[in-house]
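Step one of this worksheet: look at the structure below.
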């Protein structure tokens, strides 16, 4: 941590990975999703049959593939961070590129899934379940795009050799954001696609 | 002051305060009309008083924002203003346009005013807050564009900071979203839908960026905390603002005929709108606690802290009170909305403009801070106005709860007007709180004329 952080770091305590500012942001994002998840859960409780029926129409295979893609992407990000921490910023760059490829693949799978759903008449107004399905997944979809922009910036930084054991703040902050995107999917997928 | 051209801010601030006084006088007139229906009738009908009250508020805040920008941008960019002459010319254009519009409201029947000003060419009038005649609306666009040109050119030729970037983003957004005031579709749903693109995306979107930039600027100056730290907070706050505020527009789409999903989107995102305001409060107190200097202008620090707290209460808490669709189903358009509107505008925008005036005006008048005596007066005005606003808000909230109960929840609901009679006591109490606010405003104006020992500008 450098003077870039929001508060003066405690030199004796455990080190916070990433900037405090990104953690504020992540907390706010998690809160937004938590409210959305809770709204889904309470609405489902009142319409269990209807939700179970509508859930059958979802493409669980696409969801499972996407789960794998995001988990793999997160693992690649971890490798990239570890590489930079070991002082091998440039050699870590391909790991980041692999993570970006996983993220892009997620978007492709998601778009194929959306396209099929739209063909079946799924829309924000077709049913309450569809409204939640589209809202939650699309809100997450937008986060994946933002996460990819961040990973792209980190990739360029790694290639330029910007990160190292003494300059991890930016890299760890961006990585933390990506892990959040991943974490949210790990809740979203079972909640909307699987549990019935 | 560091740059000569910053002086153009002074007439803007003076005009802002002058129009502020007018706004409050019309507020008192309207408050009286709530309980004495024919007060000043037919000279000043209620709808005209309301239009003048709200339009003056918007215009004086715009004067405040422009003055603030003219003061801040040269200092942030470390260069003189691109064209001080243009800034002064625009001041007179905007003041004349504003004055003519208000006089038009007061002395010409609204329908005649619409006829006289070419509303039949492009119908834009007759909508709440966007009542301005077509020439005024066009004037606002011209002034805004020329102002943005001046400010943007200054930023481009000088140092670029996060504060000036956020300020520019807010000001450009303000101008762009105002363009939707020219779009007036026949379909009432679409009309309302895009009307909110001006109203909501101003006050719960781009204006918040301006608010954040102004507050951050004053905090850097009065606390001496590192720019880097303050700018990082600013980024976090404006990101949260945009994430919650843009989709939060949906909380206006519940009952206007827009698709149902807006009830979910609007409820969820707008419920999170208090977060950036809370962050702003924490930010202001945190920075002041970690101050590296004791700035002689105590009044400005008080206004800055007050902005954080009152914006959170007025915009955040009072907004949350009735933002969820199931609650709003009952409270929509009641006095609870009025309570929220009053404290939110005062806490967020009035106070931040007064914060900047409080900080900049002494410097524009050649001293680092006003005399102790003048500051004591100013701080009295702070407490009088702020406490009065808390009372106005509480009385309106009480009126609103009673109104909702009698008119909408009860098994034997009363008519609108019968309900109004029942809540009259709260309207009287609100009017007295309004008088207290006006006294506070008078004390505020007096504080500018108090002499006493002052220190010279140190920077």
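Just so you know, glycine gets a Cβ as well, placed from its N, Cα and C.
Here TrEMBL flags B:1-459 as domain 'Cytochrome oxidase subunit I profile'.
Long-range Cβ contacts of the transmembrane segment (B:12-36) within its own chain (Cβ-Cβ under 8 Å, at least 6 residues beyond either end) map to 44, 46, 49-50, 52-53, 56-57, 59-61, 63-64, 66-67, 70, 91, 95, 98, 102, 350, 353, 357, 360-361, 364, 420, 424, 427-428, 430-431, 434-435, 437-438, 441, 444-445. According to TrEMBL, the feature transmembrane segment maps to B:12-36 (among others).
For B:56-74 (among others), the entry in TrEMBL reads transmembrane segment.
What TrEMBL records for B:86-108 (among others) is transmembrane segment. Sequence-distant contacts of the transmembrane segment (B:86-108) (same chain, six or more residues past either end, CB-CB distance under 8 Å): 5, 8, 11-12, 15, 19, 22, 44, 48, 51-52, 55-56, 59, 62-63, 66, 70, 116-117, 131-133, 135-136, 139-140, 142-143, 146-147, 149-150.
Taken from TrEMBL, the feature transmembrane segment applies to B:138-156 (among others). Outside the transmembrane segment (B:138-156) by six or more residues, the chain places 66, 69-70, 73-74, 76-77, 79-83, 86-87, 90, 93-94, 97, 132, 164-165, 168, 171-172, 174-175, 178-179 with a CB less than 8 A from a CB of the stretch.
Taken from TrEMBL, the feature transmembrane segment applies to B:163-183 (among others).
Residues or ranges marked as transmembrane segment in TrEMBL: B:195-220 (among others).
Counting same-chain residues at least six beyond the ends of the transmembrane segment (B:232-256), those with a Cβ under 8 angstroms from any Cβ of the stretch are 162-163, 166, 169, 188-189, 192-193, 196-197, 200-201, 204-205, 208-209, 212-213, 216, 262-263, 265-267, 269-270, 272-273, 275-276, 279-280, 283, 287, 323, 325, 328-329, 332. If you look up TrEMBL, you'll see B:232-256 (among others) marked as transmembrane segment.
Annotation comment: TrEMBL describes B:262-288 (among others) as transmembrane segment.
Residues 204, 211, 215, 218-219, 222, 270-271, 273-274, 277-278, 280-285, 288, 327, 331, 336, 339-340, 342-348, 351-352, 354-355, 358-359, 369, 379, 382, 386, 389, 393, 397 of the same chain sit 6 or more residues outside the transmembrane segment (B:300-321) yet have a Cβ under 8 Å from a Cβ within it. What TrEMBL records for B:300-321 (among others) is transmembrane segment.
Among the features that TrEMBL reports, transmembrane segment is placed at B:341-361 (among others).
Among the features that TrEMBL reports, transmembrane segment is placed at B:382-406 (among others).
TrEMBL lists B:432-450 (among others) with the feature transmembrane segment. Remote same-chain residues near the transmembrane segment (B:432-450) are listed as 17, 20-21, 24-25, 27-28, 31, 354, 361, 370-371, 373-375, 377-378, 380-389, 391-392, 395 (criterion: CB distance under 8 Å, separation of at least six residues from the stretch ends).
Spatially, the transmembrane segment (B:56-74) is adjacent to the transmembrane segment (B:341-361); three or more Cβ-Cβ distances between them are under 8 Å for residues at least 6 apart in sequence. Within the chain carrying the transmembrane segment (B:195-220), a Cβ under 8 angstroms from the stretch's Cβ atoms is held by residues 65, 68, 72, 76, 127-130, 162-164, 166-167, 169-174, 177-178, 180-181, 227, 230-231, 233-234, 237-238, 241-242, 245-246, 248-249, 252-253, 270, 273, 276, 280, 283-284, 287-288, 300, 304, 307-308, 311, 315, 344-345, 348-349, 352-353, 355-356, 359, all 6 or more beyond its ends. In the predicted model, the domain 'Cytochrome oxidase subunit I profile' (B:1-459) has a mean pLDDT of 96.
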